[in-house]
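Below is one structure, written out as structure tokens; comments come after it.
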Amino acid sequence: MSNIVLSISTNIQKEVMAYYAANYIERKAAGVIFAAKLPDTSITMYKSGKLMFQGGGAEREAARWGTIEKTPNSKSAIIGAKGDTLPDQFALMSVLGSDETGTGDYFGPMTVAAVYVPSSKIELINELGVKDSKMLSDDYMRKIAPDLRAACVHSVLILRNEKYNSLQAKGYSQGKMKAMMHNKALHNTLAKMAPETPEYILIDQFAERGVYYNYLKNEREIVQESVYFSTKAEQLHVAVATASILARAAFLKEMDRLSDIAGLELMKGASNKVDVQAARIWRKQGEEFLRSITKWHFANTEKARKMI
């Protein structure tokens with residue numbers, strides 16, 4: 001199915017609504033101000049000025065109103081992105097994406113989210129405020145996460161510190177843990193959305209394809225069909241950007257919980273300030289407590305030990 005998005009002015013919006021008035025259909029979705037249905041084309045207009053055409057006649061109808069908007073369709077479209085070459089118009093396709101956060105933070109969990117965004121919801125998700133999470137504040141991500149969870153089929157996994165440390169002590173690398181979580185989150189989401197299937201799956205790349213699947217060689221169920229890997233994947237499809245936000249929101253919620261237990265606001269990251277805070281907690285509440293809220297194998301542990 002073809003999907004085309006145009007940016008149109010307020011005047012053109014009025015013309016579009018008049019032209020398709022006889023084909024009007026009611027569509028109750030955030031950001032939608034008009035929708036119409038032709039035998040071979042669905043037309044959706046958004047408050048943002050975006051006009052989306054879907055179906056066999058999308059190109060024909062879009063040509064009436066403007067120039068087709070160019071969208072990123074491969075890793076070369078995003079400066080610095082590395083990984084698989086994506087299909088043309090990938091950004092407009094129905095994609096299941098996954099991303100993780102918390103991997104570089106001494107305190108708190110590692111979280112992974114997988115999110116399915118069908119082509120019909122891409123503009124809705126954009127209307128809800130999704131961008132590359134690195135461009136958004138934590139407070140903003142907390143704010144929009146509930147709407148995103150309600151709008152999309154998804155799975156969010158949290159690997160808390162006790163389990164993380166247990167796996168690490170058994171010889172699991174962080175890369176292996178991430179691969180297992182991505183695979184599980186993708187599998188969960190595919191199960192929830194069945195019998196519908198995505199056109200493609202995009203994983204924000206943290207390991208080469210061969211390394212990733214080697215991590216999963218002992219897993220019973222491995223998601224492999226139509227899977228692409230790319231760095232900066234959150235800029236290549238809104239599904240990964242949404243996954244990044246949901247993973248971050250889950251991480252922040254868990255950090256709130258741990259901060260309440262610790263009696264102070266835990267710092268993010270793994271800086272020297274984190275070392276100082278860790279040493280303070282160690283002196284006051286002991287090694288076992290500190291271990292229960294941290295990724296114990298990080299270098300911060302030994303740095304904090306020297307400060308006690």
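The chain as shown is numbered from 1 upward.
Even glycines carry a Cβ here, placed using N, Cα and C.
In the three-state DSSP classification, Glu100 (divalent metal cation binding site) falls within a strand. Taking Cβ-Cβ distances under 8 Å and a sequence separation of 6 or more, the neighbours of Glu100 (divalent metal cation binding site) in its chain are Met110, Thr111, Val112, Ala113, Lys178, Met181, His182, Asp204, Phe206, Ala247. Annotation comment: Swiss-Prot describes Asp99, Glu100, Asp204 as divalent metal cation binding site, evidence class sequence analysis.
Per Swiss-Prot, the feature domain 'RNase H type-2' maps to 93-308; the stated evidence is sequence analysis.
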*Between the binding-site residues Asp99, Asp204, whose Cβ has more other Cβ atoms within 10 Å than any of the rest?*
Asp99
*Which residues, same chain and not among Asp99, Glu100, Asp204, have a CB within 8 angstroms of the centroid of the CB atoms at the recorded divalent metal cation site?*
Ser98, Thr101, Val112, Ala113, His182, Ile203, Phe206, Ala233, Glu234, Val240, Ala243, Ser244, Ala247
